[in-house]
Amino acid sequence: MTLKSRPLVSVLRIGLINYNTGLQLQKMLSNQSIDHRWQFHNYLVLQEHNPVYTIGIRTKDYLEEDEKRLRKLGAEFYRTNRGGLITFHGPGQLVAYPIIHLQQFTPSMRWYVSTLEELIIRTCRELGIAEATRTEHTGIWVKDRKICAIGVHGSRYITTHGVGLNCCTNLKWFEHITPCGIEGKGVTSLSEQLERQVTVEESIEVLLKMFTEVFQCQLCEESSNT
């Protein structure tokens, strides 16, 4: 694929926002009126969220009393249409949502999830974590601890939701849930693994470099006010 023929993806750096604001932005960007797949404007939304627990479409174990318990911790709680089970988003975690039309790339959700996994693996390894890898469980792991959650949704080849990479996240928030529904596993972060402060901003620069490689696309920065 030549550089000229590669799909164009606009990068939106949103900063720290409430989860619902992010949901509304995803809805706006994904509900484009188009006549042809190449008219779809692809986006990569980069953000952090205020403390929030979210569950995916497969989660049935979290009842109203669980929601109340988690809200009392000072976090929000949302039920979403993404895949995957319960997870936490908060400051210090890079949340990256590709809003793309897969027919401009490869029209396969399996390919898409695999490519997201490869994106995070390469990002972690570029930063110095050689052991970051896939397992039989969703997400990216360093041994028996998850460093990145993955939960996506696809409709008419258009993707929403994405990944949450722990950079310098306060991992104590995860102690109140069974992360992604997996017993006996833990969570970790880039900062914990590298034994230094790894900011979201530092991680973004590496992730953008890896994104162009694994998605074989061109990136352009765009104002978040667009």
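Note that the numbers count up from 1, one per residue, in the order the chain is shown.
Cβ atoms are placed via backbone N, Cα and C, with glycine included.
Quantities reported herein were computed from a predicted structural model and do not represent experimental measurements.
Annotated features, as they stand in TrEMBL:
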type     : residues                                                                                               : note
DOMAIN   : 38-219                                                                                                 : domain 'BPL/LPL catalytic'
BINDING  : Arg82, Gly83, Gly84, Leu85, Ile86, Thr87, Phe88, His89, Ala149, Ile150, Gly151, Gly162, Val163, Gly164 : substrate binding site
SITE     : Lys146                                                                                                 : site 'Lowers pKa of active site Cys'
ACT_SITE : Cys180                                                                                                 : active site, acyl-thioester intermediate
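Overlay of TrEMBL annotations on the structure.
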| residue | record | Cβ within 10 Å |
| --- | --- | --- |
| Arg82 | substrate binding site | 20 |
| Gly84 | substrate binding site | 23 |
| Ile86 | substrate binding site | 24 |
| Phe88 | substrate binding site | 26 |
| Lys146 | site 'Lowers pKa of active site Cys' | 24 |
| Ala149 | substrate binding site | 28 |
| Gly151 | substrate binding site | 26 |
| Val163 | substrate binding site | 23 |
C-alpha spacing of Lys146 (site 'Lowers pKa of active site Cys') relative to Arg82 (substrate binding site), in angstrom:
18
Rounded to the nearest Å, what's the C-alpha distance separating Gly84 (substrate binding site) and Lys146 (site 'Lowers pKa of active site Cys')? Just drop the number here, would you?
14
Taking every residue in the domain 'BPL/LPL catalytic' (38-219), what is their average pLDDT?
92
